[in-house]
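Pulled from TrEMBL, these are the features on record:
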- 12-50: repeat 'HEAT' (REPEAT)
- 134-172: repeat 'HEAT' (REPEAT)
- 173-210: repeat 'HEAT' (REPEAT)
- 216-254: repeat 'HEAT' (REPEAT)
- 255-293: repeat 'HEAT' (REPEAT)
- 294-332: repeat 'HEAT' (REPEAT)
- 372-410: repeat 'HEAT' (REPEAT)
- 411-447: repeat 'HEAT' (REPEAT)
Amino acid sequence: MAGADGDDSLYPIAVLIDELRNEDVQLRLNSIKKLSTIALALGVERTRTELLPFLTDTIYDEDEVLLALAEQLGNFTMLVGGPEYVHCLLPPLESLATVEETVVRDKAVESLRKISQEHCPVDLEVHFEPLTLVMPTLRQAAEDKSWRVRYMVADKFSELQKAVGPEITKNDLVPAFQNLLKDCEAEVRAAAANKVKEFCENLPEDNREQIIMTHILPCVKELVSDTNQHVKSALASVIMGLSTILGKDNTIEHLLPLFLAQLKDECPEVRLNIISNLDCVNEVIGIRQLSQSLLPAIVELAEDAKWRVRLAIIEYMPLLAGQLGVEFFDEKLNTLCMAWLIDHVYAIREAATCNLMKLVDKFGTEWAQNTIVPKVLGMANDPNYLHRMTTLFCINALSETCGDEIITKQMLPVVLKMSNDQVANVRFNVAKSLQKIGPKIEKGYAEVKPVLEKLATDQDMDVKYFAQEALSGEKKLFHRWIQILNADDK
């Protein structure tokens, strides 16, 4: 031992060497976790000249030990003398970034990214960007015979891009990314397609547009008509984001035709992903251009056979309505919104009801009174009892946004009339509606009470129950009004 020769300063490194060579994995792991303490004891110069070379030469261990080492080295900047010497950490981290175990490689890359931010620009170019070990390994992995290896490269591409910097990205990663987008295996293409937006966002700004238009967009155009639906779906989930990167002119000329093709794709997931991200494009090209180019396809999708696609259109409608304005909306989309109320899927009818409430919030009660309410109330006479129930659901929702006058003069008479419906489900929903709108009708108790009392004696148990619930609520409300009136008189 060094301590026996009287040089206590060598003792920590001697202990480290002894423990790292110990057969007990736990001892080796404990030693790695004490690296910062050992480095402090050695000082920055001996940490650089003795400890780091030793660690670099001994990276052949259990994955648990290597993982701890990769994490420790990410916090070693000040222990080697600060940013001026941080490049000394590259050799051991580069070696760790090439080991077989994925979690070790990920942690090493994370630490490399961390210390890359602590390099000065000159050192970053001289020491970090070359990476003698990572890039050859990455190139090899991107062309590996096993598609699973290539898949992992595609899946981690954004992290790799951030770690190696702009120059290596431009010279090495762009060609590699092109190849992954054209890979023979669909799983690899899908993983790469999913990274398109993020990869483009992280390209150096000075030549980002040129790289995308020349190298990336041609690959994207091919993927739009890929034979695999998972590839097309992955691309559709991110492609709209390219509009904010490429700007208005490029979006109109190059991206809109791709979006239109995807909106007409036979795969519902592709159409769904495009619809869900329309707001990205609207921010760039404006609603008029969007409506002229994509609205016809959107209207067509409103009657899509897949109900989830119709649902996505409904959920986007309030935003689209606010952007288009009331006149354009009434001309192009109002009919659609009413048609959804009688859709054969309950989830669509429910969403369409909520949609009406949001539209009234945007366009106002006068618009609702002239445009929506008459059509909704007209459904009360529909032969289909499901549509009659939808009338009640709409009244419940619209009562949140329409004024008391509309509720009292237009909605209440219809609800009261529907209490005589032959279908029990309609009658008990009448009771629920009366309970809902009752608090909004200050002078309607005299009209509501007899109807609820009649429903409370209904032969159907559900109708009875909900009518009694409503009566209880109405009585409490009535007594509260009396209290308020008496207080005012005093």
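Indices start at 1 and increase along the chain as displayed.
Cβ atoms are placed via backbone N, Cα and C, with glycine included.
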Arithmetic mean of per-residue pLDDT over the repeat 'HEAT' (12-50): 81
Contacting positions for the repeat 'HEAT' (372-410) when only residues 6+ beyond its ends and CB under 8 Å are counted: 338, 341-342, 349-350, 353-354, 356-357, 359-361, 365, 417-418, 421, 423, 425-426, 429-430, 432-433, 436-437, 440-444
Number of helical, extended and coil residues in the repeat 'HEAT' (411-447), per DSSP: 30 helix, 0 strand, 7 coil
Tally of residues which DSSP labels helix, strand or coil - the repeat 'HEAT' (372-410): 31 helix, 0 strand, 8 coil
For the repeat 'HEAT' (216-254), the number of residues DSSP places in helix, strand and coil: 33 helix, 0 strand, 6 coil
